[in-house]
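TrEMBL annotations:
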type     : residues : note
DOMAIN   : 141-366  : domain 'ABC transmembrane type-2'
TRANSMEM : 16-36    : transmembrane segment
TRANSMEM : 176-196  : transmembrane segment
TRANSMEM : 217-240  : transmembrane segment
TRANSMEM : 252-276  : transmembrane segment
TRANSMEM : 283-304  : transmembrane segment
TRANSMEM : 341-363  : transmembrane segment
Amino acid sequence: MKALFLLQWQRLKREPLLIGSMMVMTIVFVLAMGGFRVSSAVSVPTYFDASVQNQKAWLERLNEATEGFEFFATEENRSKEDIALGKYPYALQVMEDDFRIFMLAEDENLQVLKQVVAQTYLKEKRVSTAAAQVDEPEQFRKQVKEYLSEPPIIVSKVTPGPLEGAPSYNQKLQTLYGMSLFFAMYTIIFSLSKIAEEKRTGTLNRIILSPIRKWQVYIGHMSYSYVIGFTQIVLIVLMFKYIFGYNVGEQMGAVILTIASFVFAVVAIGMLILGLIKSTDQLNAVVPIVTVSMAMLGGAFWPIEIVSNDIILAISNVVPMTYAMEALKAVSMFGQGLADIYEPLAILVLIGVLCMGVGVNLIERKA
């Protein structure tokens, strides 16, 4: 077992392109889709109806109303395109007496955003009504603004309990975890391709018939794939946490345990695929289909919450990506602990055990 494990590392030393390219592609995609910005404020592209006057003043009012959202002007078509691509979770249309919010997925920030915008409208309506009754409306507005900038009483709000200071929904974390898990699946499954090659050449038959035990043969291959897959994801997460400033939360132990469970499930799925295919060429054709499908169904490219099709949601229940993303987002975005994610972790382990058993059995039958 140890000899097989070390042999895989010698092969990696001679051919490091696989893991290197997957890590580079992960970094490039996360930076391209998630961006370099590290501000905790949620960016909200805002466009105005033709009836709205003084658009700059409206942006100032909206940004002064909260620190949790950052409103910026854009065009209608551009804002809707950004929403569809998942670049921003919301877009705001400002009309003269009303507003409209376009969203990627409903989350707890949506109600906060609605409240902020509604209060801004209500405040502006009150000021406009009062200003219309005085001789110098602009001077009145200026006095009101100065008074509100230094109010006689300041009210501070503190959220008690374990969720205090916990980050909310973050599109950048969605991209980080989704891309990290997606490209790691390629690394893990392709690292098992030597088994397919050994099946083709008959080497696996000779190894199985040798005095070495069968489970040692499989453990030697799978442990190598597990280590490089786990290492790749953890290194990417730590890099974006400490170098790019991504807020992955304080529960790093839960994050690492989730990654470990996901990698185990993917290694098992890789063994199942190897049991079904007959050659390396078939593996090269099947892996992209399987990995992309699991990423799309599991919410790696976009939040699974935006999917409304019951059939797709039902299929996603057997995809390990679904449970890994659920657990990672629960820990990093919503401040939950290990006790809150035991169910998705247990399902990941169950998927791994089932696929591992079936996959190894199929490999032995064909060997």
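Backbone N, Cα and C define each Cβ position, glycine as well.
The recorded stretches the transmembrane segment (283-304) and the transmembrane segment (217-240) do not share 3+ CB pairs below 8 A when only pairs 6 or more apart in sequence are counted, and are therefore not in contact. Under 8 Å from some Cβ of the transmembrane segment (176-196) lie the Cβ atoms of residues 8, 11-12, 18-19, 22-23, 25-26, 29-30, 33-34, 204, 221-222, 224-226, 228-229, 232-233, 236-237, 240, 246, 248, 262-263, 266-267, 269-271, 273-274, 277, 279-280, 282-283, 287, 290-291, 294-295, 299-301, 321, 324-325, 328-329, 332, 363, all in the same chain and six or more residues away from its ends.
If you look at the transmembrane segment (341-363), the same-chain residues 6 or more away from its ends with a CB under 8 A from one of its CBs are 195, 199, 204, 218, 254, 257-258, 261-262, 264-265, 267-276, 318, 320, 323-324, 326-327, 330-331.
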